[in-house]
Amino acid sequence: MAIQTSNLGYPRIGLQREWKKTLEAFWSNKIDEEQFLTTMKEIRLQHVKAQQEKGIELIPIGDFTYYDHVLDTAYMLGFIPSRFSEFTSYLDVYFAMARGSKDHVASEMTKWFNTNYHYIVPEYEEGLQISLKDNRPLRLYEEAKQELGIDGKPVILGPYTFLKLAKGYTQEQFATILKQLVAPYVQLLSELHAAGAQIIQVDEPIFASLTKEEVQQAKEIYEAIRKEVPNANLLLQTYFDSVEENYEEIITFPVSSIGLDFVHGKEGNLHAISKYGFPADKTLAVGCIDGRNIWRADLDEVLTLFTTLQKQVQTKDFIVQPSCSLLHTPIDKTEETHLSTELFDALAFANQKLEELVLIHSALTQGTESIHNELETYRNVHHTIRSSAARNREDVKAARTALKEEDFSRPLPFEKRYELQQVALKLPLLPTTTIGSFPQTTEVRQTRKEWRNGVISNEQYEQFIEKETEKWIRYQEEIGLDVLVHGEFERTDMVEYFGERLAGFSFTKNGWVQSYGSRCVKPPVIYGDVAFINGMTIKETVYAQSLTEKVVKGMLTGPVTILNWSFVRNDIPRKEVSYQIALALRHEIELLESSGIRVIQVDEPALREGMPLKEKDWDAYITWAVQSFLLATSSVANETQIHTHMCYSNFEDIVDAIRALDADVISIETSRSHGEFIDTLKHTTYEKGIGLGVYDIHSPRVPSKDEMYKIVEQSLKVCDPKYFWINPDCGLKTRRTEEVIPALEHMVQAAKDARSLLKTNA
C-alpha cells in the first residue's frame, strides 16, 4: 500500500504580504521589471521550500502566479483579446488584461466558484489562434528542480473547466473550441512528462456540477489527450463539492489518479464510492483537510474516513491532501498570540494544515499509536472550544427562538412604500448616488495606524475622520449627487469593521488571504454566538447628515456577506450564524432610523457567491439567505428606503432571489461584464428600484460621460425610468481622488443628459 502526502496549492501572498508589495511596487514604477521578476522568483521558491520542510511529498508547482491562475492559463493558450494587441511584452499584455489601462478596458473579473477569490474571465474571439504560447508550468517545474532539487507536481487548470469559465463563444461553438484545446494541452503535458514530471495535477472543479452529456464530452477530450500522451501520470482533481451525480463515469476517465473532496463533498462522494467502488488501477487522492476554513481538523473523524474508504475501494494507493488549494487560508498562525488560548489552539492555517496531513500520513502508515499524544491534544482542543461560553449564549438562543413570521416582511408592498418614500425624500428622476466608500488615501491609512498604535488620541482621530467626512460631503454636493454617503473613512474593511463591534467575532493580525490581484483581505473569525453590543455606525452617519440638506445613506454590510466573507465556526449550520448576524444588524438599523436616517443601504455583494455549486442545493441556501436579509431590514417604517448592493455574480441564477429581498433599491455591478445583466433583464422583469453600475471602479481609467450615458441608455430599455438609479459599480475606497471626482462628474452629467432626453420624449 502506497500513501503519499500532497498539497493542491499554497497561498501566494507571502508571510508578510511580500508578493502584494512587490506587485504594487512594480505597478507604481518603484522597481523595474528585472527586480520584479527576481523578487517574485525568490518568493515562489520560498513557498516550494516551505512545503518541503513541512514534510509534503507531492509539492504543487505552477500554482504561484503574478495575478491569477486562470489568467495564466488564458495567456498560455493564446486567449488574448485583440484590444491588447498593441502591447508587446508579456507583463504589459498580462497586466493590461488583468487591470486595464488608460485606453483599454480590462477583462471581466468574477468569483472563483463559491469562494471569495476572483479570477479573470478568459475571452474567446473569432479567429483566435489557440496554441501553447508559453509552457509556464514546464519552466516552473524545471526551476524548482534546478534551484532546489525538488521534483514537484505541476498544477494546471484543466481544459474543460477553463473553457467553461471563458466567455465570447456561443454554445454551438463550445465543442469545436474544446477540441482545439487538445493540441496545446497535449504539447503541455508531453513536455512536462519528457522533463520528468512524475505526476501532473489537472484541476477540474467544474466537474462537481456537470450534466451527463457534459461529462461524456469531457471524457472524450481526456481520451484524445491520453491517446497522444499515454504515459503521463495525470491526477484529475475535483474540489468544492462532490461529483456524486457523475462519479460512475468520472472514475473511468483515462487518468492514473482522481482527487475528491471529502470535506465539502464528503456525503456525496462517500455515497458514490459505496455504490460503485473505486478502480484498483487508480490512486485515490483524498481531500480530507478543509482548505477553505481555519479550524483544526478532527483527526479522529479523518482517520474514520480512511477506515471507511479502505473497506470500500479496490485501490491500495492513497494520497492524503487538503480538500482544495490552501490559497483560501492564511499562511501561518504563529503570529496570532494575542488571541485567547482556546481560540488560538483551535486554529490551523496553511502551514498547520500541512502538519495535519503529515500526522494523518503517520497514523495511516505507522498506526495511530504513532500520533497518540497529538490525538489527545486535538480532542482536548475540540472539547474546550465546543464548551466555550462564547458558543453557548442563552440570550442569543432566546432571541432566535422568539422569531415570528412577521419579523421577516415589510408592512406594505414595494409600490406603496416607494410612493411614500418619494414624498419623503423628494428625489429627482434617475437619482444619482455612490455605493458607499471614498478613497482611503495614504493619509487616511496612516492616521488610522497612528491611532491604533496610540500615537494620537481618540479625540484627534475623531476630528480627522470628521474633517475627511466633511470634505467629501462638500465634494458630493459640488459634483451634484442626489443621495450622499459619509465615505466610510473610519472603516478598514466592510466586514471587519462590523465584526470588531459585534460579540462572537475575533480578529487575526496576519490572517491575510488573496481576494483579487494584489488585493488581500483579512477575514474576521466568527468563533462564538453573534450579538449586538453598541451602535456601530450611528455617530459618523448622523454627523454626515448634519452637514447637508441632502439625504445621506446609512451604510451597513448585510448578514450573508458578513458570513460569506468571514471564517465561520463549523459546529452549527451557517444559516443559524447568519440569523444571529441579522438580528444584530436589525438593532443597528432601528437605531439609524430613530436617529433620522431615511435611506439605509445593507450591502449583500457576497450573496451569490455563497450558493452551492449544485443547482439542486440552491433553493435551500437562497431561502435562508433571503430570510436573513429580511430579518435585518424588515422592522423599519414604510417611508424608510432600504437599499442593497451586489457585485460580480451570475445574476440570471438569482433574479428571483433579488426580487425576494424586497429591497426598495438594488445597485448591481454591471459595467465590467459588458452588459450581461442588461441582457438578463430583457428576458425577465424587475419592478423595484434598481441601479446598474455605469463604470468599473476596479480600473484606474476615468470613463467618459458618453461611455456612461451609453450604459444608462441601454439600461433604460429594460428598466422603468421611474425606478432607475445611476451609480458606479462598487465602492470607491481603492481609487485615487483625482480618478474619482472626474468620473463622478461625468456620471452626474450623463444622468442629466438622460433626464433631458426622457423629458423631451415624454
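Indices start at 1 and increase along the chain as displayed.
Using N, Cα and C of the backbone, Cβ positions are placed for all residues, glycine too.
According to Swiss-Prot, Ile435, Gly436, Ser437, Asp603 bind L-methionine; the candidate from Glu488, Glu490, Glu549 that the record adds to this site is Glu488. The candidate list Cys719, Cys730 contains one residue that Swiss-Prot assigns to the Zn(2+) site with His645, Cys647, Glu669, namely Cys730. The 5-methyltetrahydropteroyltri-L-glutamate site recorded in Swiss-Prot comprises Arg17, Glu18, Trp19, Lys20, Arg519, Cys520, Trp565, Glu609 together with one of Lys111, Lys426, Lys705, namely Lys111.
Between Asp603 (L-methionine binding site) and His645 (Zn(2+) binding site), the C-alpha separation comes to 5 Å. The CA atom of Cys730 (Zn(2+) binding site) is located 9 Å away from the CA atom of Ser437 (L-methionine binding site). In terms of C-alpha distance, the listed binding-site residues Arg17, Gly436, Glu488 place Gly436 closest to Cys647 (Zn(2+) binding site). The two recorded residues, Ser437 (L-methionine binding site) and Lys111 (5-methyltetrahydropteroyltri-L-glutamate binding site), show a Cα separation of 21 Å. In three-state terms derived from DSSP, Glu488 (L-methionine binding site) belongs to neither a helical nor a strand segment and is classed as coil. Sequence-distant contacts (6 or more apart, same chain, Cβ under 8 Å) of Glu488 (L-methionine binding site) comprise Gly436, Ser437, Phe438, Met494, Tyr497, Met555, Gly731, Lys733. Counting every protein chain shown, the Cβ of His698 (active site, proton donor) has 22 other Cβ atoms within 10 Å. Using a 10 Å Cα-Cα cut-off from Ile435 (L-methionine binding site), the recorded positions that qualify among Trp19, Lys111, Cys520, Glu609, His645, His698 are His645. Distance noted between the C-alpha atoms of His645 (Zn(2+) binding site) and Glu609 (5-methyltetrahydropteroyltri-L-glutamate binding site) is 14 Å. Looking only at other Cβ atoms within 10 Å, the busiest spot among the binding-site residues Lys111, His645 turns out to be His645.
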